[in-house]
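Have a look at the structure below before the remarks.
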Amino acid sequence: MVWFRCMRYGEAAIVLSAVLMGTVSVFVRNVGGDTLSVTFLRLFFGFLAVLPFCLRDVGRPDRTLLGLAVFNFLTVASYIAAIQSTEVAMAALLLYMAPVYVIPLSVLMGERVEVKTLLALPLGLIGLYLMLTPYAELTFGIIFGIVSGLSYAIVFVLSKEARKKHSPWRITFYNLGLGSAALLPYFLMFGRVGSWLWAIGLGVVPTAVPFVLFSYGMKYVKVQRAPILALIEPLCAGLVGYFYFGETLTLTQLIGGAMILAGVLIAWRE
């Protein structure tokens, strides 16, 4: 009973994390600056936001934490590069191909593929396709998007492993701290920013808070189920585009959004 309750909290944490991450385009478009500058600002201000909560729980990083920090950095940087190089919808679609890559990785980890996963995954991905309407040209933006999806899948797997030994605060501390430290020299020499206020918001709302929630949830949720729950992010991103940027939503997109929501509910249901 206790584990069931923890699993529910874990799933809710991942869904809430995805909702907050769905606002990232608002901040990225208002911050200004090149890809690496925006990536640094996101990681750095996120790191500062969690730092006061991590001072007593730093510890020494092991290989899992270091690997997680590397792939998390690669995911963030390649996704921002994709957003700046191609259609936002296409970048989001390629990032959220991660569930496809996660399933074989979860099998290698010894997880049994659940029936609900086999039902929820195609439903969610078809809905994602309908909602985001991809384009066929192979550009640098698409390549960055493919890289972001592959690295994001590895982030799910390594997060699950890291939570066996580390707290969400420690994981987030190294995820954000090591990434921002690696980019600090670049930012000091070449960095530029359009709005510091938006940069701070970028570090807190779609970064620090959802990163902690995501790390918490991964302890209690199966690797194969977590990225399906996270498909709620592009759905929220579409709603942000509609309400904040004034973008239109077609009937096809609305059907796609409903399919994503149905897939998430199937994955969530016990």
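Glycine too: its Cβ is placed from the backbone N, Cα and C atoms.
As recorded in Swiss-Prot, the features of this protein are as follows:
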TRANSMEM  12-32  transmembrane segment
DOMAIN    19-133  domain 'EamA 1'
TRANSMEM  35-55  transmembrane segment
TRANSMEM  64-84  transmembrane segment
TRANSMEM  88-108  transmembrane segment
TRANSMEM  117-137  transmembrane segment
TRANSMEM  138-158  transmembrane segment
DOMAIN    150-269  domain 'EamA 2'
TRANSMEM  171-191  transmembrane segment
TRANSMEM  194-214  transmembrane segment
TRANSMEM  226-246  transmembrane segment
TRANSMEM  248-268  transmembrane segment
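Listed as Cβ neighbours of the transmembrane segment (171-191) (distance under 8 Å, sequence separation of 6 or more from its ends, same chain) are residues 33-34, 36-37, 39-41, 43-44, 46-47, 50-51, 54, 57-58, 61, 65-66, 68-70, 72-73, 76, 159, 162-163, 207-208, 211-212, 215. Note on the domain 'EamA 1' (19-133): DSSP counts are 91 helix, 0 strand, 24 coil.
On the 0 to 100 pLDDT scale, the model's mean across the domain 'EamA 2' (150-269) is 88. According to DSSP, the domain 'EamA 2' (150-269) comprises 93 helix, 0 strand, 27 coil.
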